[in-house]
Structures are given as C-alpha cells and as structure tokens.
Amino acid sequence: MNKTITALAIMMASFAANASVLPETPVPFKSGTGAIDNDTVYIGLGSAGTAWYKLDTQAKDKKWTALAAFPGGPRDQATSAFIDGNLYVFGGIGKNREGLTQVFNDVHKYNPKTNSWVKLMSHAPMGMAGHVTFVHNGKAYVTGGVNQNIFNGYFEDLNEAGKDSTAVDKINAYYFDKKAEDYFFNKFLLSFDPSTQQWSYAGESPWYGTAGAAVVNKGDKTWLINGEAKPGLRTDAVFELDFTGNNLKWNKLAPVSSPDGVAGGFAGISNDSLIFAGGAGFKGSRENYQHGKNYAHEGLKKSYSTDIHLWHNGKWDKSGELSQGRAYGVSLPWNNSLLIIGGETAGGKAVTDSVLISVKDNKVTVQN
C-alpha cells in the first residue's frame, strides 16, 4: 500500500493495492547487514545465522537466492560494503572458539563471481560492533561502536556468573551504572584500503562516539544520525562528515528524535532529501540520566518509532510515519529511495518484509 504525507503536515493516508516492494526474506531478518551492487541486494548474518542471500531487483521473477555460508560463524551487528565488485564484511558480535560472546575486529571478503568467502589477514585496531561503515573514494570508513575490552569483559563476567541471578544482577548494575564517557565508545574514524588490506587513522570526532547510529552518504558528505551514547541511553545528535577539499570537517546538525533519540534507525536520500526513519529507544532515559541516574533505562520499556523525518531548511521535520515501529534492519539506496529490509518490531520480533521511502517535492511516499 502507499501512504503519502506532506513534509509540513501529516495528511490522511490513501491506500491502494500494490505489489510488495521485495519478496519476503527467507527468514525473519534483524541485526544483520546488507549491501547493494548493480541493483543486486545482498543480506546476511544477524537472525539469519551464517546465511547470506542475494536478490536481483531488476529480475522479472524476483526471488532470494542462497549464497555460500559465512565462514566466521553467526554474528550480529556486522557491517558490509561493496568495493570494486567484492563484498567486505567488518566485525560483529558472535561466539569465539571457547563459546564466549565477543566483539570481532576481523574482515571477510566475498567474491560474487566465485560465490566464495575468504578471511583477510587484516584486523582493525579496535573492535567493530555497533559501528557504521561507508565507502568514499574506493576505501571503506568505519567509526563508532562499543569498546571491545569493556564489552568482552561484560560477557566474560556473565559467563562466570552462570545461572547465579544475584551475581548477574550485580554485574548488570555495575555495567550500566556509569557515565557515558566511561564506556569509551569509538570516536575515531578509520579507513580500510582493500588494495593493501591496511587500516589507517583518518580522523576523530570532536564530540563523542556512538553505537547503533544510522549512516548515509552522498558525494563528499556522510551523516551519522542518533545511536547510543552509552548502553541503554540514546542520543538525538546528528553529525556530518564533510570530505570536501583536503581536510575532513566534522559538523553537528540540529538534533532529531528529541529528547531521547533512538538507535538502529534507518537513513537514506531521495531526490536530495535526507531521510531518517524508525529506530528504538527508551522514553524517559535522557531525563533520568540528566538527573544523575546513570542506569538511565532501568525499568523502562523499549519503544519503536514510526516517525519519518526529513532534513529541510536547516531543521528536521516530521514528515510521515511507518506502518509500524521498526529498528535494526538494513537500509540501502535503491531507485532514488530509501530501502529498508527486515528489522524488528515491538517485543524484538524479527520481520520479513521491506519498506521503500521516497520523497518528491517534500512529500513522503511509503510503500510496503
């Protein structure tokens, strides 16, 4: 169905029969990753385990095709990008050989021509989970994400506690009851050159690192929207990275999803309009934190946003709504629109459908 809403006011929705954007994913899909290359969509990991699938969006009979399984084990929160015809997968959260949950800093490459994976002899200088990845001038850039040592230590402690609920409660209280700066989320910008498989320092945010931000780039500009400032506490901040000229500039734009912000939202561009949609967060957590409660989301219920915002004339306007709140899916550029694949809804339920958000003359169209 189609729902059209002006950028200035939410109008009555008009519904019409329409074909689905894409066929349903082979499995309910959330916390995975995806990329698009020459109109072919690739998705995998997350709730799909080690599975990967592709779909030719230009095919008359659109269907998902299974690819070679990912060799690095099941992972959540990995990122991926296409460079020169190859798919690169960065980090994620999964089990190590001892069965402990950990953050990875490795890189895998998939060759679509041979349907084969290889683990590269390359490791990022820090863990990659909750990070974002984008491509600029033939290189992959990574920023944001949790601190590998702190995160891994948390899960080591939980493993030691086992089924001792008292010990688990104590570990959680200790883990969440700290200020945002004490989690050392990554604020460095790293670049990965696929030709050399080397990582380099590319800059750092003058503010703070986030985890679970939405990312979108066009030309020399990249936007990082919302995300976690610490576990359980989101931010409404929007950062712009400007690669114009020889010097990278970091800018801070007007906030969105205020006051609490969201993580796991979706970002894209349609007809030069910057879009931000969905995401999940804890209403009231920002107020709790500002009043000195570091465990800001304790006792709060996670909520899922239906809001669609457009960046217009230097500010964000709520310009439409999703049919249901959604977060932690894959967002990709397709047909001059924002394509959302999968995600989770209330209660953490993984979904199989896709959503296409388009903008024309400041009007938002949502196709399910």
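These residue numbers are counts, starting from 1, taken along the chain as shown.
Just so it is clear, glycine is given a Cβ too, placed from its N, Cα and C backbone atoms.
Annotated signal peptide per Swiss-Prot: 1-19, in sequence order, evidence recorded as sequence analysis.
Each residue of the repeat 'Kelch 1' (40-84) gets a DSSP state, and the totals for helix, strand and coil are 3 helix, 18 strand, 24 coil. What Swiss-Prot lists as repeat 'Kelch 1' is 40-84.
On the 0 to 100 pLDDT scale, the repeat 'Kelch 2' (86-137) averages 98 in this prediction. Residues or ranges marked as repeat 'Kelch 2' in Swiss-Prot: 86-137.
Residue counts for the repeat 'Kelch 3' (139-173) under DSSP (helix as H, G, I; strand as E, B; rest coil) come to 23 helix, 6 strand, 6 coil. The repeat 'Kelch 3' annotation in Swiss-Prot covers 139-173.
If you look up Swiss-Prot, you'll see 174-219 marked as repeat 'Kelch 4'.
Long-range neighbours of the repeat 'Kelch 5' (222-265) within the same chain, counting only residues 6 or more positions beyond its ends whose Cβ lies under 8 Å from a Cβ of the stretch, are 130, 132, 134, 136-137, 141, 143-144, 146, 175-176, 178-180, 182-183, 185, 189, 202-203, 205-208, 210-216, 274, 276-287, 289, 295-298, 305, 307, 309, 311, 314-316, 327-329, 343. Marked as repeat 'Kelch 5' by Swiss-Prot: 222-265.
For Glu228 (active site, proton acceptor), the count of additional Cβ atoms within 10 Å of its Cβ stands at 26 [all protein chains shown]. Secondary structure at Glu228 (active site, proton acceptor), taken from DSSP and collapsed to helix, strand or coil, is strand. As annotated by Swiss-Prot, active site, proton acceptor applies to Glu228, with the evidence given as sequence analysis.
Residues annotated as repeat 'Kelch 6' in Swiss-Prot: 287-336.
Within the chain carrying the repeat 'Kelch 7' (338-367), a Cβ under 8 angstroms from the stretch's Cβ atoms is held by residues 1-8, 18, 20-22, 24-25, 27-32, 34, 36, 41, 43, 46-47, 264, 266-271, 273, 275, 277-278, 280, 302, 304, 308, 310, 312, 319-332, all 6 or more beyond its ends. The annotation repeat 'Kelch 7' is assigned in Swiss-Prot to 338-367.
Break the repeat 'Kelch 7' (338-367) down by DSSP state and the numbers are 3 helix, 21 strand, 6 coil.
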